[in-house]
Structure formats: structure tokens, C-alpha cells
Amino acid sequence: MRKLRRLVHMVLFCPISKGLQSRLPGIKVKYLFLAWLSVFVGSWVVYMHYSSYSELCRGHVCRMIICDQYKKGIISGSACKDLCDERTLVFQQCLSSSPTQQVYSGRWRDREVIIKCGVEETLKADSNPDSPPRRELVLFDKPTRGTSMDEFKEMLGNFLKANLGEQVSLTALVSQILTMADVNNDGKVSLAEAKSIWALLHLNEILLMLSLREKEHTSQLLGHCGDLYVTEKIPHDSLYGSQIPGFLQTLLPSPVHRLVHQWCAPAWPRRAKIAIGLLEFVEEIFHGTYGSFFICDSSFKNIGYNEKYDFKVVDLRKVATEMTIRGFLKGRHCEQNSDCTFGSDCTAACDKLMKQCRNDVIQPNLAKACQLLQDYLLYGSPSDLREELQKQLRTCMTLSGLASQMEVHHSLILNNLKTLLWKKISNTKYS
């Protein structure tokens, strides 16, 4: 014990000479206070981290809610048996950013997956996370018992029309949804199967996954149970391959962020391939099979790629249909353009005279994509390409106004940029 006291005395007081201590008698108290403050701050950080984790990560609540409703026969799905009976759908690392939207990495059928489910209604009903689930009273109330197959088809058609607009291909999408709902492949859709697919469709990401299912740049939907769903895991969930930890992002200045990103980013030819994939995705959603879609969070954190450096959208919840945005803007009061913003950056103009938002987004998807690609592609780019690449990206970033009114110009810029990049990496191992 005496040795321990000596060690503490040496650590706290030896850096200060005895002469200085005699001149500054309060220095010992200051050192003790600093030591106590360090312990207090460290304990507070640990406590806050634990509290934040326990608040955000409620995978056990998610499983409890879903499995309770599955065992009652209220819901169904292709992943229910593995989740609730055999427990081969395993929750692993918590990735949630909101307590009402649970996101976990996991493992299912010998592959890495992402598991997502919502617990909002349960938390609203009772602050105790272990209380009996009552969410089926709110979420799984449609269709009601006695609804015929034709009536359910009509429900689906009207829902898709309201969210995707008048599209000639909606009938095919309804058939695709009914096939997905028929989990046991008996050619019929039970009430539990219908309730599950109806709840699932009300999740923006699922609606977009089904609408963009034929596109190679979105995550594949692997299974569901009620409104819990499982998607493929994207190996690299950031444009730069890795992300700076959250607690460091606020501490480090933006120039340091840029240096870290450049250091972690793939080689330039691989970045060019990823960029081509992003441009192809922008092209696909510009006037797709099921209407137009808008990227409403153009952060590099929402763009990833797989082992082959093929572009992948990390989170389709950040993408919105044209009908969704128009519904948000319709009749909306505004004082300035920022009042007309859906998501992070889908902004329409504010009519200052009428004090209402206009219906059309100012900045098209392509301009947002080019803003992301400017730093991403120019750093380390081949010298014989840099000047022309910079020129085309600058032109691309100036795109604005109603995209449908400048479709030819939009397509020309996109194709020129794709061609420029593809010529540089074609006939190489990177292509």
C-alpha cells in the first residue's frame, strides 16, 4: 500500500519541483482536481456510450415482437421459421442509428446479411421494452378477414398507383408482389401472408427494392417475416471503402477528413468503375419502368460497392419516388427554399409571392452525383485525363431546373462522362 501511495505521489507531484511547489502551494490541489476530472470524464463517456447503445440497440425486442405475432398466426414470411423456430437467422452487430428502426448485421444460410425491423409502435405504447407486444393492433390491421383475392389485388394496385404514379407496368408489379407473398408456394395468399406483405410495402425501402429489383445496383431482398426483412450485406458501405468513427468526425477538421478518405480509397481505376456504376444508377432511375426516383441524401456514406467494385446503393430509404416528393411539396407553406426540402437535399423552389413550394426539385440526381465524384475522381486521376474530366464534372454540377425539360442535355452529359471513364479503364484488368 505504501508503494502504491509513493507511485501516486510521483505521478501527480514529481513533475513539479519542490521550489515551485513552495511558491505555488495550490498546485497539488490542481493536480488532484485534474486527476479526478479525468476519471469523471472517462466514466461519463463510458456511461453515455453504454446508455446510447442500450437505447439504440433493441434486437431482442424486435425478435420478441415479430415471433410473438408469428406464433399467434398474425404474420408470415419466408424468414419466420429460421428466425423464431430454428433460430438460424442470427443477429450480430448493431448498426442502428434510431431506436425505432433497428438495423443489425447478421448471418443466415451461411451468408452475411443485414436485418431490419421497426419497433416504433411498441415503444409508443409502453416505455417498457419487455412489455407484451401490441403492435399488431396498429400495423397488421389490413387486409381484414373476408377480403377476397380480387379485392386485395385492387388494394395493391391503388397503393402502387398512389406511390409510383400511373405506370403501365403496375400490373406486373402486383403479380410479382403476390408471388413474393405466397411463402408456402400453394398458389394462394393467406390472411397472414397478405397482412405481412401489406405492412412490408409501406416501408419505403421495400417498395423501392421491388420497383428496382431488376437493377443490379440495389441490395437483394432475401426474405422477410412480417415487416422484418433481410437483405444482402454490402461489403463496403461507403464510397471511400471505410468511414471515420463517429466520435472522431466532429473532432477532426474537414482537411483531415479528406486526407483520410484519399488514403483509404481504392486505386483510381477501381474508383472509375464505381463511378460508372453510380452514373448508370442515375440513368436507371431517371425515367425508369416504375417512374422517376430522386436521391434525397447524396452523401458518400450512402454509396458502397462489392468485392468486384460494382456500385451499390447502401440505403434505399434515402431514395424517394416522384409521387412521394410531390405529395410532400403540394400546398406546403414556405418562406425560403430550405422550407421545401424533402430528406437532406431534395429541394424545390419556394414561390415567394404565393408562399408555397413549387412541385419540381431544383437539383437533378446527376448534378448531385457529379458533386460527389469531383473529389473522388480528380484525386490521383491520370494526368492526360484530369483536365477534360474536371471540365465535364464542372458542367455536370451546374445542371439545374426541371430534369424532364432538359432530358437530351442531361443524357448527353451523362453519356460523355461515362464514355470518358470507360475508355480509360476498358481493355484492362479493372474493366
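Keep in mind that glycine also has a Cβ here, set from the backbone N, Cα and C atoms.
Quick caveat, the model's predicted, so the values are computed rather than measured.
Taken from Swiss-Prot, the feature disulfide bond applies to Cys57-Cys94 (among others), supported by a curator's inference. Note on Cys94 (disulfide bond): other Cβ atoms within 10 Å of its Cβ, all shown chains, come to 14.
Summarising the annotation, Swiss-Prot assigns disulfide bond to Cys62-Cys117 (among others). Neighbour list (Cys62 (disulfide bond), Cβ cut-off 8 Å, at least 6 residues apart, same chain): Gln102, Cys117, Val119, Leu228.
Here Swiss-Prot flags 1-30 as topological domain 'Cytoplasmic'.
Per Swiss-Prot, the feature topological domain 'Lumenal' maps to 52-431; the stated evidence is sequence analysis.
Look at Swiss-Prot and you will find 31-51 tagged as transmembrane segment.
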Given the disulfide-bonded residues Cys57, Cys117, and counting only Cβ atoms in the protein chains shown, which has the most within 10 Å of its Cβ? Cys117
